[in-house]
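For reference, Swiss-Prot has these:
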MOD_RES   Ala2  N-acetylalanine
CROSSLNK  Lys19  SUMO2 cross-link
BINDING   Lys60, Gln65, Gly85, Thr86, Gly87, Lys88, Thr89, Ala90, Asp342, Arg367, Ser368, Gly369, Arg370, Tyr371  ATP binding site
DOMAIN    69-239  domain 'Helicase ATP-binding'
MOD_RES   Lys124  N6-acetyllysine
CROSSLNK  Lys152  SUMO2 cross-link
MOD_RES   Lys198  N6-acetyllysine
DOMAIN    250-411  domain 'Helicase C-terminal'
MOD_RES   Lys296  N6-acetyllysine
CROSSLNK  Lys314  SUMO2 cross-link
MOD_RES   Lys321  N6-acetyllysine
CROSSLNK  Lys374  SUMO2 cross-link
CROSSLNK  Lys382  SUMO2 cross-link
Amino acid sequence: MAATATMATSGSARKRLLKEEDMTKVEFETSEEVDVTPTFDTMGLREDLLRGIYAYGFEKPSAIQQRAIKQIIKGRDVIAQSQSGTGKTATFSISVLQCLDIQVRETQALILAPTRELAVQIQKGLLALGDYMNVQCHACIGGTNVGEDIRKLDYGQHVVAGTPGRVFDMIRRRSLRTRAIKMLVLDEADEMLNKGFKEQIYDVYRYLPPATQVVLISATLPHEILEMTNKFMTDPIRILVKRDELTLEGIKQFFVAVEREEWKFDTLCDLYDTLTITQAVIFCNTKRKVDWLTEKMREANFTVSSMHGDMPQKERESIMKEFRSGASRVLISTDVWARGLDVPQVSLIINYDLPNNRELYIHRIGRSGRYGRKGVAINFVKNDDIRILRDIEQYYSTQIDEMPMNVADLI
């Protein structure tokens, strides 16, 4: 892409041009010593990596890449905050690939992600960018065969991307050897360091060599996370976007007032034709609700697919494959989908339930406007949700209007 290099999956999306001025509006609250490197050619990257970057379809680094890649390559600990769809994944992937010694068939970089799908996507992106480097990269995730993990790790992997539980398990079994690890990347750190993953990350961290470089990347960095970074980062460089900038421009946000829960379903059915203009994701807060809504939609003869964390890994993979290819157009999901999964053609998000915490809101709707294309987010709001909606508006300094009749024209 000309203005932003974002880890996309379809060729056309990669080539999509963003206007130059779109990037200049992004304000960074950044450590003073961070300079801007405007092209990939001037970053001092190895030749075979540059080939991979251009072959992937990237042309010009995005704002976060212009600032972060050079610092990571220098060996600095980095806290990078950037909006969804601005190329965060490519930022650390390019940096990791640059720092590898390909002759040494040992794990030199470890990337932790909160979901299996995100870990697999990171692995695929690394293999694509490192296509000319002969890089070995394995996704170490729960729900897959442990024996296969052990076999792959014994063969030797330069980079391991994975979920904290399985990665720690592999370290404990001594299948994943940590002695050569130079860099730890925490992707979607706000989610990772939330209660569920905090302990596991510390467990993994204790096994790493003392001089390991730490890179932490996320869309939102609440205060308590910045406090935690003090524990395992040394004099980190900060590359931060002002929070006001965090709701993506180009995403129109609306609400539909529904007096009670039962009315949400009728509203969704009325909107179905609008949903299928491109592709849509519908978010519910619980797995049970996802299953219930999927069944109810199918009973009413609407075609939908669904995904949540309790489904077997294989099933989730095939659902994602269908959705990416466009074979399925409407996906009902829990927040497992909200983090970092690129499907360029999604331009409509529906919050059937408002998210349980306001941090999640940006992860959900930050999907629909990726690559600078316009997107629409529609929030179903019961009477007792009005307070939550106002809180979200205030938190992100944004405005959420009542949905107009002609919403289909906006997609």
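Every residue number used here counts from 1 along the chain in the order it is shown.
Quick reminder: no glycine exception, Cβ is built from N, Cα and C everywhere.
Fair warning: this is a prediction, and the values are worked out from it, not measured in the lab.
Note: the CA-CA distance between Lys198 (N6-acetyllysine) and Thr89 (ATP binding site) rounds to 21 Å. The Cα of Lys124 (N6-acetyllysine) lies closest to that of Thr89, out of the binding-site residues Lys60, Gly87, Thr89. Confidence in the domain 'Helicase C-terminal' (250-411), given as mean pLDDT, stands at 84. Each of the recorded positions Lys60, Lys152, Lys198, Lys296, Lys321 was scored by the number of other CB atoms within 10 A of its CB, and the lowest score belongs to Lys321. DSSP classifies Lys152 (SUMO2 cross-link) as helix under the three-state reduction. Between the C-alpha atoms of Lys314 (SUMO2 cross-link) and Lys60 (ATP binding site), the distance comes to 36 Å. Of Lys152, Lys296, Lys321, Lys382, all annotated as recorded positions, the residue with the shortest Cα distance to Thr89 (ATP binding site) is Lys321.
Of all the recorded positions in the record (Lys60, Lys321, Lys382), the one with the smallest CA separation from Lys152 (SUMO2 cross-link) is Lys321.
Put simply, Lys296 is the one of the recorded positions Lys60, Gly87, Lys296, Lys321 whose Cα lies nearest to the Cα of Lys382 (SUMO2 cross-link). Between the alpha carbons (Cα) of Lys60 (ATP binding site) and Lys321 (N6-acetyllysine) lies a span of roughly 28 Å. Comparing Lys296 (N6-acetyllysine) with Lys321 (N6-acetyllysine), their Cα atoms are 23 Å apart once rounded. Mapped onto three states, the DSSP output places Lys314 (SUMO2 cross-link) in helix.
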